[in-house]
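J.: Quick paste from TrEMBL:
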BINDING   Ser16, Asp19, Arg46  substrate binding site
DOMAIN    8-159  domain 'PurE'
Amino acid sequence: MNQPAPTVSVAIVMGSQSDWPTMQLAHDILNELGVGSHCEVVSAHRTPKKMFDFAKSAAGRGFKVIIAGAGGAAHLPGMIASLTNLPVLGVPVKSRALQGLDSLLSIVQMPGGVPVGTLAIGESGAKNAGLLAARILALSDPELARRVEAYSETQTKDVLRRSKLAD
Ligand code: RP5
């Protein structure tokens, strides 16, 4: 029997199409865990009205977690967090000029009262944002909690299996 399509409870937004190769890792790990995600370019600077409308409508559309990735003057995660009470996870995308340190500092230094959970720069950050979103959703989804646990166990086994480098 076919599996039912996963409910789309995570929105993954990013400032530019150029962020997709990084942000795709969040989508991929969520997909592996059976969590559907909606992925879209929403720019704080180039499409501010779209960003406002997206953030304001996100909870009503059924999203439970928002992952927002941006590079450079990376205002997207913080601005979204100022417009919604959903948990927002920010991914600093590696920028061409400053390798993502600018993105990290733009995202992480939020004023008290407007939280963004900031991840690592680049691919690790995107993957971990997906995993963290899954862990948040797993709090109220025992089936997903089992899949998240199985993922971690498999990862540990794989690392142990490949840990001997030479005799
Ligand atoms: C940011 O500017 C985007 O998030 C992207 O990381 C960066 C560069 O965008 P492009 O010039 O590649 O469209 O807004």
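Numbering starts at 1 and runs along the chain as displayed.
Every residue, even glycine, has its Cβ placed from backbone N, Cα and C.
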J.: Would you count the other CB atoms within 10 A of the CB of Asp19 (substrate binding site), including those on all shown protein chains?
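T.: Cβ-Cβ neighbours of Asp19 (substrate binding site) within 10 Å number 25.
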J.: By Cβ count within 10 Å, point out the most packed of the binding-site residues listed: Ser16, Arg46.
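T.: The residue with the densest Cβ neighbourhood is Ser16.
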J.: Hey, does DSSP put Arg46 (substrate binding site) in a helix, a strand, or just coil?
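T.: Reduced to three states, the DSSP call for Arg46 (substrate binding site) is coil.
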J.: Roughly how wide, in whole Å, is the group Ser16, Asp19, Arg46 that binds substrate, by largest Cα to Cα distance?
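T.: Farthest-apart Cα atoms in Ser16, Asp19, Arg46 are separated by 14 Å.
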